[in-house]
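To keep things clear, I will list the structure first and then write my remarks on it.
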């Protein structure tokens, strides 16, 4: 959850900043949005640009956001085991050794991020290391390594780029129509202000609606990461890890969405979750 939400929030922020900059350029220079084809090209440049900038920033931002400490030289047996386990799994999965970090949190959390399969990050919480058995923790690590091996951050970026493109295109197309109707009654300055306000408002609204698509895709990829972990360490270890997370959720019924997809609510809430419900993931693994 942490990996996906950080990417989506950063992506939205970058796209909005780029959008504001473009609107200021329009206002200062008097340029108009132009033809539909020109608008689509601009939307694609900004949409994919925002997504890929977010991806390139993801590793450093993720570390800073949790106050993670990179393990360069293991200081104890736990850190030694952690590095050794990730190294072994990375070799099995055919990827470069990820940067490994630990961050202080009582929650059972872990995430992976990074722009490249050979330049990635795997971070685990102290809560995970303290509350899981070695077999369970090994399965969680295998799940994160599988995300990297599957190239999930890159495919999510491409998906987000497409979504961004349509969000920007539709927002500005509608804003242009509204501003054009307004220009018959008001001055040019008012026309640009209307265009600016409507385009930003619609980007926020359409961006929220588009998150249903990106969250669906994220849930889809979680099943693949679970299957990848099952291939690396065996499905029983992966099931045990999910069962442990389920027990943790049941002991803390506060509705918190953890990094491994724990949430007590279903229905509409599930559509906005980056991870499928644990019961569905466990059932899928039992049939694997």
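Backbone N, Cα and C atoms are what each Cβ position is placed from, and that goes for glycine too.
Remember, it's a predicted structure, so these values are computed and weren't measured experimentally.
Listed in Swiss-Prot for this protein:
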type	residues	note
TRANSMEM	4-24	transmembrane segment
TRANSMEM	36-56	transmembrane segment
BINDING	143, 147, 222	Zn(2+) binding site
ACT_SITE	144	active site
TRANSMEM	151-171	transmembrane segment
TRANSMEM	193-213	transmembrane segment
In the chain carrying residue 144 (active site), residues 6 or more apart in sequence that have Cβ under 8 angstroms from it: 110, 111, 112, 122, 225
Assigned conformation of residue 144 (active site) - DSSP reduced to three states: helix
Cβ atoms near residue 143 (Zn(2+) binding site) (within 10 Å, other residues, all chains): 26
